[in-house]
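Record features, source TrEMBL:
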DOMAIN    23-181  domain 'SSD'
TRANSMEM  20-40  transmembrane segment
TRANSMEM  60-81  transmembrane segment
TRANSMEM  127-144  transmembrane segment
TRANSMEM  156-179  transmembrane segment
TRANSMEM  235-255  transmembrane segment
TRANSMEM  454-471  transmembrane segment
TRANSMEM  477-499  transmembrane segment
TRANSMEM  506-527  transmembrane segment
TRANSMEM  547-568  transmembrane segment
TRANSMEM  580-602  transmembrane segment
Amino acid sequence: VLDVYIATARSSDDELGAAVGNDTFLFAFAFIFMIIFASNTLGKFGSQLNGRVLVANQDIFVIIFSTGAAYGLMLSIGIPFQSLVQVLPFLLVGIGIDSAYVMAAGFDRSDPSKPIEDRMYETGFSSGMSITVTTLTNIVALSFGSMTKIQAVKWFCYYAVTSFFFIYLAHLTVFIAILTLDAKRVEARRADCFVCMNVKETDENSKGSLENSDERSRLQRFFGDIYGPALLKPYVSIIIVLLFVAMSSISGYLSTMITTEFNLRILTSDDSYLREFYDVSTELFGSNDAGRVPTSLYVGKVDYSSYSVQEEIDRLVEALFDSDTIDETLGKEDWLAELRTFANLTGSFNFSADGKYLVGSSFIPALHLFLSQSQFKRFEDDIIFGENDNQTILFSRINFQHNQLGNSDKEINALETTQEIAETSTLEPQPFVVFFAYQFYDLNRIIVPQTVQGLLFALVAVLIICSVMLVHPFSVFMAALLLGMIIVNLLGSLVWWNIDLNSVSAINLTMAIGLVIDYSAHILHYFGTLDHTLSRRERSILALQEMGPPVFMGICTTLLGVIPLAFANNEIFRTFFRQFLTIVFVGGSHGMILLPVLLAYVGPSIPRNKTTKIAADLKASVTDAEV
């Protein structure tokens, strides 16, 4: 029995599209999970009046429509829709609803005795500033990420930036309107979802939040009365700091072991014929390319009948053949050398005085006669003549085989060696050496500097935004410290998960900069606005009590959004899941565990009258405008 395994030039593109397309049904599960979770957590669980089930459902659709608008805009201006962009909705639905939790929590903290419009204004000032910081950091981080030379990352960032912006606008406009209407429904004591029904005032489970917004939720009581005090016990705080320092140190060591392979296997689904080809190739030959990557020297429109041109082509061929990256045992397919041998045997064509080269007007007739011979038909695809002009050669190629490569260092060496040899040519236009796999070798060559550059630019940009938006300069320093530790941990996690640094993992690292700051910025911002007469420990617990619940819900929603990716049939989606699971764990733990400890001992202070003045001035300007 003969087992046949197939791979063609277009197999990778075809199988990538099929692999991603076959898992699109997971979108439905992601949105269903999110709707169920948000419907039970955005408001008061089980309450007929304050459940906010309708608000949660509407917000999910606001996110969906905002994403659709962003995609439509990108497509309308010609930004390619690549397969990796299809994973973005999984991330956006979890990240986008975070803003709803922050806005709803801000409204619940407002004074219930004030009119709804005034309470909504206060919500927009406090919570709106908070989601502005997190959205801007996401947008700026991804914008700098789009400056990369890696096209897959660039296009993904374009779609992500536009989607974040549209979702942000929707929450500052549409969601505020939805929340206002819901508050008026509560004020009128209409049942959630069934607004035609009245809720009796004797129903203790459905007391209006307008009358009882000063009551803390279960999560607020947990973070304020149990979690916060336990976390800030001196011996617990010391253990936490030591654990996080140890985790960062281990991750820093692991990050030195990161590899930059781009295994084509990840582009296929688990049941793909191409996956079988790669697996068998690796098993038998040690690498997906079976150790025999073909490559070609391409020469453009030059005077092939010229002595000097043929001499230069021969020099390039010999330089390539003698290099340490070309396999000499497999020979080469050199149509020009074969043509000279054929013409010399016929004895009827003109050669140069030294007898080395076929020159002059007899070159083209000899070439056509050469190609008409059955034994030389294989060279027909290596020579491109002008349209309706079989006397002019537009392009030609000479084929080689690389030595066994098998790892990124050898692949990069093969790419650079062949490029350097081609660049020494004096021909115009300049010849070049290329094969389709070179795009992956080039990715391996630039992925490290491009990723480092993108992370540094994004980090600096995020810190600049934080310096403007956060109340105290020391808060910016703390944000920088946390971001630095988080980045180190994320890099180390690549080795832990056995994930190579490639375009897929680079996308997740770029997005991580903006996302992980979400878990810290809300608490940092709220901590800075609290009365400085309170102790750092008291302010840290208060910040946990008020901002802990929405941040925790944001962690849960992001996690719920990516959980369906764990069940995908392709490695790309599963890579997104593993990395975002790490992002949520690392970012959430730093924001919800380490940050409160640091704030309790070295947190910044700011006079209460300063923040009060800022709020008063802004409200006065709005009031004047209304008048």
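Any Cβ shown, glycine's included, is placed from N, Cα and C.
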Which residues, given as numbers and ranges, are at least 6 beyond the ends of the transmembrane segment (580-602) yet have a Cβ under 8 Å from it?
91, 228, 231-232, 237, 240-241, 244, 478, 481-482, 485-486, 489-490, 493, 497, 508, 511-512, 515-516, 518-520, 523-524, 527, 536-537, 539-541, 543-544, 548, 551-552, 555, 558-559, 562, 565
Averaging the per-residue pLDDT over the domain 'SSD' (23-181), what integer do you get?
88
Sort out the residues at least 6 away from either end of the transmembrane segment (235-255), same chain, that have Cβ-Cβ distances under 8 Å to it, and list them.
485, 488-496, 589-590, 593-594, 597, 600-601
Does the transmembrane segment (477-499) reach the transmembrane segment (454-471), going by 3 or more CB pairs under 8 Å (6 or more apart in sequence)?
yes
